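Visitor: One structure, pasted below without further comment.
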Amino acid sequence: MTAFTGIPSTYLSDALAPVASERTDWHLPVTGSIPPALDGLYLRNGPNPPPVPYDGPYHWFLPDGMVHGVRICDGRALWYRNRWVRTDALADKLSVPRPGGPPDVGLLPNTSNTSVIEHAGHILTLAEWGLPYELDEELDTVGRYDFDGRLRAPMTAHPKIDARTGEMYFISFGPLEPYLQYFVVDAAGTLTRSEIIDVKGPSLMHDWAMTENHVLFFDLPVVFDAAHLTTAGFPYRWDDTYGARIGVMPKSGTSSDVRWFEVEPCVIIHSLNAFEDGSTIVLKAPRYSEQVAGKWSADVLSIGVGATLHRWRIDLLANTVREDQLDDRTFDFPKVNPELLGTACHVGYGVATAYRDGHMRFGSLLKWDLNTGASCTHDVGPGRSASEGTFVPNPSGSAEDNGWVLSYVYDPARDASDLIVIDAADFTGPPQAVIELPQRVPQGFHGCWIPHRGESTP
């Protein structure tokens, strides 16, 4: 690990430590039984700087992206692969040719390290600093992707796919005008709409929300400040004077249709879900206080405060907002059944957070009854760290939690990770399957499940 110079020691140990190379391993050991209905590819993206000296202030949100994948079929874990996303930023560090594709957009280096999705046959890695990068099914980088020249703005790391229509919705935010844009991609993968949305300034809009008929924008008081990039590694800070509001717009609307609702100042990094209850929009999300923003421009994992599950009820007729806390457990990486995103679903998932040795650590997995706020835990074991849990619906099931939760779990005893498969209906029980991986999957960000739709097995 001596090659990773310029990186704080916190990010070179345990679950946060980067790996130094790419590898492919076949026929992975499995304890338990993988459900035969699981046929597809599990992917997760996250920061993993290459083993070269790191230049400038280090911030966990910004290093080069690496995707880790496991191919599952016929009750077997066929392979594990990890691949850097071969961006311009990575190519320059490694002194290798840059990838192909259209020219990038955005002011910050695009490390494409935050999430990975599949839509209309394209696997895309995302960060909000530039265009997506496309991967093939073996995780090798194809190049930048701009929807046949129709996208000339950075793409959010949190697009939303409407399972009922197959359409994908996403936003773009940035430090220069227009500060916010809204896009729609049809089920075939064609970008069909783009709208400029008027906001007050360059606020950080890492996530947003969608209902059956509306989209929600979080215009909150974390704003761009270029000075913070050179001094602390991340160019956003809390601004007491900016205000806090949530915008509600019809999916087919324009900027003039947005209705803005003032809320208590806070930070919403990720949304769990939103839905319509008559004339009321209900949003559920982990809510951070302003304390988190002060730490974003420094050692982000030392923020000293966690997010708790909150609910905002936005009454479109009365023009009011009511906010309440649903649970006191601290967590992040919220997820619901993707087939029910934007509807009044009753089950949510997340990763518990806690503080140890002065830094936030990710622990066990959580499941909520969103009607009552009651929650239960899947304990991943002493000293072990879960990553985002992705719910995979059972193709033959109908109940909301008929399916499995997949998560990479770091095991310090062997300095390597497992991919665990949890029966979501038996969430507190032992994993249905534990797939032993040959190396560590560093703590990262967001992933997805891509069901296999072809006739061959890659």
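Glycine residues also receive a Cβ, built from the backbone N, Cα and C atoms like all the rest.
Source: prediction; values computed, not measured.
What TrEMBL shows for this protein is this:
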{"type": "BINDING", "residues": "His158, His206, His270, His446", "note": "Fe cation binding site"}
Visitor: Cβ within 8 Å of the Fe cation site's Cβ centroid: which residues qualify beyond His158, His206, His270, His446?
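Guide: Neighbours found: Thr114, Ser115, Thr156, Ala157, Asp207, Ile269, Ser271, Phe445.
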Visitor: Under 8 Å Cβ-Cβ from His446 (Fe cation binding site), six or more apart in the same chain: what's there?
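Guide: Listed in sequence order, they are Arg44, Asn45, Thr114, Ser115, Val116, Ala157, His158, Phe333, Glu388.
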Visitor: Can you check which residues sit near His270 (Fe cation binding site), meaning Cβ under 8 Å from its Cβ, same chain, 6 or more apart in sequence, and list them in order?
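Guide: Residues satisfying the criterion: His158, His206, Asp207, Ala285, Pro286, Asp332, Phe333, Pro334.
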